[in-house]
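A.B. asks: Here it is: the structure, laid out below.
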Amino acid sequence: MATTWPPRTVIRKSSGLRTLESALQRSGLGPVAGVDEVGRGACAGPLVVAACALGPNRYESLAALDDSKKLTEKTREKLFPLICRYALAYHVVFIPSVEVDRRGVHVANIEGMRRAVAGLSVRPGYVLSDGFRVPGLSVPSLPVIGGDAAAACIAAASVLAKVSRDRLMVAMDTQYPGYGFAEHKGYSTRAHTLALTQLGPCPEHRRSFINVRRVATRSNGAAAAEREADPPQERDGTG
């Protein structure tokens, strides 16, 4: 008989974030994978999506798991290798800023979730996503509001995505100095806005975001005005 959601097994209160996974596992719908994204609201840098399937006996090893936004950087960095070690499978996808601009944030996010799940080395029996329905998956799925604080597999995916993106933004700070990417990770803080105004957008800024587009428009207008005010000297071609 085919299993369906909601499972007939009663969802009982259990320790940590394992309630949803435990119910699905008991109903024969495992392994259960969680999928989550980081960087959706940033105006610079990639959108990063991770999928993670945890083994049913690995929750105690990851007792500190929680929504990545609630964890300190130190705790996230400590959890990252543990998740990689104890996960049945995980996959991290980077959606570059140019693709975010081309597709739009929401469409890029859904596509990233599809890619992350498809990239898992173990095919999940069920997928839990953080808040968004993910059409086009080859397995049953369920959006969970506040999922990164309600399901261990989503929390694990959240940590994988957050740490992966933060590390990339720190490296980007060296590639594009002056913007402070290592500090604000591409989000629109006051310091980032000031740097963006002074330096103009770099290739990693998302032109589809209005604050970046305004600065880019002003920069292009100023450059055009400068060219008109100081036209190039004519040359006779004789060298």
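Using N, Cα and C of the backbone, Cβ positions are placed for all residues, glycine too.
Straight from Swiss-Prot, here's the annotation block:
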BINDING   ASP36, GLU37, ASP130  divalent metal cation binding site
COMPBIAS  225-239  compositional bias 'Basic and acidic residues'
DOMAIN    30-221  domain 'RNase H type-2'
REGION    219-239  region 'Disordered'
A.B. asks: Determine the most Cβ-crowded residue among the binding-site residues ASP36, GLU37, ASP130, using a 10 Å radius around each Cβ and all protein chains in the structure.
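C.D. replies: Going through ASP36, GLU37, ASP130 one by one, the largest Cβ count within 10 Å is at ASP36.
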A.B. asks: From the centroid of the CB atoms of ASP36, GLU37, ASP130, the recorded divalent metal cation site, which same-chain residues not already listed sit within 8 A by their CB, in sequence order?
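C.D. replies: Output for this site, in sequence order: VAL35, VAL38, VAL49, ALA50, MET113, SER129, GLY131, PHE132, GLY147, ASP148, ILE154, ALA157, SER158, ALA161.
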A.B. asks: Would you mind pulling the DSSP three-state label for ASP130 (divalent metal cation binding site)?
C.D. replies: strand
